[in-house]
Amino acid sequence: MISDFLRANASKKMMRVAFADTSSSDFSSSARVSSKETFEVQQHQVPSSTPASARLSWTIAFGWRRGLLGCLILAWAILILNLTVFLIAYRDPSFSVPDRRGIRALTLVSNDCVKAKRLSVGFHALINIMATGLLAASNYTMQIMAAPTRSEVDAAHAESKFVDLGISSLRNLRYIPLPRQVIFWTLAFSSLPIHLFYNSALFSTVGAYEYGFAAVSPSYLSQSSQMGTTNSNIDSPETARRELWSDPPWRNLTASECLQEYSGGLVTSSGDLLLVTREENSANPIWWSNGTSIEIGSGTTNWICRSVPPLDTSNALSTSDYEWDSCPSSFFRRIDTSQWTFNTRCGPSSYHSNNGACPWFTVDYCMSHAEEQHCQLKFSYSIMLVVVAAGAIKAVTMTVAFFTISTPPLITVGDAIASFLQRPDERTTSASLCTTGLHLVKTGRYYDNDSPFRAIHNLPRQGSGNDAAYPFGRWFPGQFRWHDNVSHRRFGSVNAISAVIISACIFWTVLGKYTDNADLSNFGPGLAVPTIRLNDSVSSNILTVVFLANFMQLLFSLVYLQLNSLFTGMLMGHEWNSFGISRRPLRVSFPQGQQTRTTFLSLPYRFAVPLITCSILLHWLASESVFLVCIDIFRTGGRRTSEPSDSITTIGLSYLALLILTAVFCILVIFTNVVGMLALEPGIPVVSTCSLGIAAACHTLDPDPWKSSEMPLMWGVNTLAYAERGSPSEDQITQNSRDETKDKPKLCSRRLAFSAYPVSKPEINITYI
């Protein structure tokens, strides 16, 4: 059946050639079609009207179908891996026991903080590799779904509209069938839960200590019976806690070490604290004592603010008369640890008894009670279930897309050129200089317009008499750059999203650094993580916290999609422009003759692979910069509290990761804009991805456009006289030829188009059809 069809198809092509040869006397000299000129029918080129068995072998083996098959395999592989991990975790008995926050999670690592941190960094790198891989596979499939067939292009042109070719575009959706629209949007929306939840499927819990502290004179240390208190806070100087004084964990810290240990946000390895002063007070060895509670966003460091002199000594007894909402890290940097002075709690009676002054004392050293670090790495069942469901939808949708495409769409610019050469578009006749903008006759300036062809055949003429011409009818070579191949709106959207991301990075950095004094060298989730204060109603809703922690992941996904489209458009324009510089074969999905087979859509691997790699890096850095963190509060001695409010869900920050993330992303944005400013060598009118502009350049005067499309092509001036030379031979077609005929015959008419014959360079201010 297939062999009969192929023979019939070859006969139809021979009849088409014969019809072209006899339809006009101008082509009489080339009307003799020899058997050598008969088109060879490649076995892999099967039109859409072929039987399903033949079409299936054609679709699976060649072109972009191979890439789509790879995307399909990747989606199923990631789904199987995620589902396997979920089922293994599901069988653990802890699944049925939610914690205080109501989270059903499996504890992977407990109380080994170094191992937990390393595994967290490694697992999140793997998670972002898989998530970005799914995003790239989805984008590949969406670009194919949004690529129009020739009949859909004709439908758009019939309405005096255009579609985008070679790029994923929302403009095309109104012209493609509903099933492909459903596939497109399903793949788009199924990416949202993956990037909003995947990184939080693995999260860390940190143990933080509430502690008591007191300022004591040196004589207090010799009174061991008064060391400590019976409760968890040193807030009662009358009660002794001798067991703590006899415990080995008490350690001696210098003033500098003490400030560094207790001003770093959450205190994770220290408990009760004694500030030993240089001043002696034999009457009352305890100058002052108090306890702390965990305040997210300020940790337990508010008491250190009393080390700063009063803001207004005429109106305030001391800074301790006020409750600090937060103690900025800038206050800590003002403290000279060699002369660390501390202000006592000064009431009205003390104020008057000291003649209007409150006593200050100098911290000599500290005694700190060492505590065990508590940290865990957990795996969330509910979050992973959402990720598995989204991955399943994505894998099934890609499978449907792979087996439902029957008519090959116009994927590459080569596909479009071949199609318009074989069957020219009547609506773009005599518009060979049609571009995505208009070259004004007088100034030659270039104006970009996202939709300039709403009535392409009704554009007004300029001038009068014999000089009247359409605005795009005269050749005015201009100096164009790569960014001219994409719309200003698309380029602007990339820069707008980039500005939002950079602003978000700066916001998180400034906010966290102001409210906490965490170690700048800490990378990713860890023990000394700064935290952000959230409203109680927000922190009690785990999904809200997860969304806030992963919102930047969504922004980076949008940036990848926009950058992919941006580079695709610029590189497609560069490929298009190269036909005006040198002769080259078409890069098509299913090659014939001397055409070359595409191994990518429109974005070459030398750009696609670095872009995906950079996206993985950005997603991973974002997961290490802003993340979900759960805090369990402990009392001195390692005792857990019984109150549900002492299990806190909030957002953690890593300043080092934020700085690296901001730097890498700024480099990417700068690189993108630099590439956009690269100059295009003058060659061919800029048409970007506009189907009307591509079609307008394909009205060749070659006698056999079908065969010409299978040979190396070049854009330039075609003439009717060229048609009398017969079919082009290999000797006639040479590389880098702009004017290959010395004795050029008199021109019957001038047309700029692709041709397999020698072409000449267009002349300035000459009207071409």
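Even glycines carry a Cβ here, placed using N, Cα and C.
All annotation found in TrEMBL is predicted automatically rather than curated by experts.
As written in TrEMBL, here are the features:
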| type | residues | note |
| --- | --- | --- |
| DOMAIN | 64-221 | domain 'DUF6536' |
| TRANSMEM | 67-90 | transmembrane segment |
| TRANSMEM | 121-140 | transmembrane segment |
| TRANSMEM | 383-405 | transmembrane segment |
| TRANSMEM | 491-511 | transmembrane segment |
| TRANSMEM | 542-563 | transmembrane segment |
| TRANSMEM | 607-634 | transmembrane segment |
| TRANSMEM | 655-680 | transmembrane segment |
* To do: With a Cβ cut-off under 8 Å, give me the same-chain residues at least six positions beyond the ends of the transmembrane segment (121-140) that come close to it.
  => 67-68, 70-72, 74-75, 78, 81-82, 168, 187-188, 190-191, 194-195, 198-199, 201-202, 391, 394, 398, 523-524, 553, 557, 560-561, 564, 601, 612, 615-616, 619-620, 623-624
* Go through 67-90, 383-405, 542-563, 655-680 and flag the stretch with the largest number of C-beta pairs under 8 Å relative to the transmembrane segment (607-634). => 542-563
* Could you tell me what the rest of the chain brings near the transmembrane segment (491-511), counting residues at least six beyond its ends with Cβ under 8 Å? => 483, 532, 551-552, 555-556, 558-559, 562-563, 566, 625-626, 653, 655, 658-659, 661-662, 665-666, 669, 672-673, 676
* Report the mean pLDDT of the predicted model across the domain 'DUF6536' (64-221), rounded to a whole number. => 87
* Structure fact -> Lying 6 or more residues past either end of the transmembrane segment (542-563) yet within Cβ distance under 8 Å of it, the residues of that chain are 101-103, 131-132, 135-136, 139, 168, 191-192, 195-197, 199-200, 383, 490, 493-494, 497-498, 500-501, 504-505, 534, 611-612, 615, 618-619, 622-623, 625-628, 649-651, 668, 672
